[in-house]
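Below is one structure, written out as structure tokens, with a few remarks after it.
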Amino acid sequence: MDGDILIAPSILSSDFSRLGEEIAAVDRAGADWIHLDVMDGRFVPNITFGPPVVAAVRGASARFFDAHLMIASPDAYLEGFAKAGCDGITVHAEACTHLDRTLQAIRALDCRAGVAINPATPETAIEYVLDRVDLVLVMTVNPGFGGQSFIPATLEKVRRLRAMIGARPIRLQVDGGVAPETIGAIRQAGADTFVAGSAVYRGGTEDNYRNNIDALRRSASVNKA
Ligand SMILES: O=C(CO)[C@@H](O)[C@H](O)COP(=O)(O)O
Ligand SMILES: [Fe+2]
């Protein structure tokens, strides 16, 4: 097994009518982080949930709560997500007018700061904020929905970002279409933190979740160079 990788199930693919139980189930099944997809119907064509829901499920797991904010102009909402119990907050470079300031604000709230880029955004968009972040998220689908197919052109971006990050203590996360069939190549390109929604929550039971997470870890390790 490859001890350096983290698996972060995206609750977007869970049963929202039992959200707390679904989070506790993936925790017991071996999840490292819990990935929370926040959507506003503006930055992406879908709407999910905000800080009150995060606060309501915070007690379901002690794992790292990894908030992925797919919202326009996120500054006004950072404090709310921090107070709700998020450990890390990731904003989209495309959604921030003053990205450097927003990332500083996240760290000032004692959260780990993350920056995400869409498939069409070049890695150079975040070159000058790398010293402000703890995590870089490469979207490997267009954000907004679970269950989409991995976009192969993003692999080269992961490779370039791994080189750009160098020795900085930054996690390189991918999100979208991560499955046993794709995770090996993504790991090989240099990612270390894997969000997976449909590939974890398929099957609908805790035993399935455990098998699904194990399959992801195995496939990531086997294919590592
Ligand atoms: O941020 C997003 C979608 O915008 C994700 O976190 C998805 O929830 C991933 O779903 P799968 O592609 O793994 O099914
Ligand atoms: Fe996400």
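Indices start at 1 and increase along the chain as displayed.
A Cβ is built for glycine as well, from the same backbone N, Cα and C atoms used for every other residue.
Values in this document were obtained by computation on a predicted structure and should not be read as measured data.
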Among His68, His92, find me the residue TrEMBL lists at the same divalent metal cation site as His35, Asp37, Asp175. His68
Which of these recorded positions (Asp37, Gly144, Asp175) have a C-beta closer than 6 Å to some atom of ligand 2? Asp37, Asp175
Binding-site residues near Asp37 (active site, proton acceptor): from Ser10, His68, Gly144, Gly177, Ser198, Cα within 10 Å gives Ser10, His68, Gly144
Excluding Ser10, His68, Gly144, Phe145, Gly146, Gly147, Asp175, Gly176, Gly177, Gly197, Ser198, please set out which residues of the same chain place their CB within 8 Å of the center of the CB atoms of the substrate site, keeping sequence order. Leu12, Ser13, Asp37, Val141, Pro143, Gln148, Val195
Just counting, how many other CB atoms are there within 10 A of the CB of Asp175 (active site, proton donor)? 25
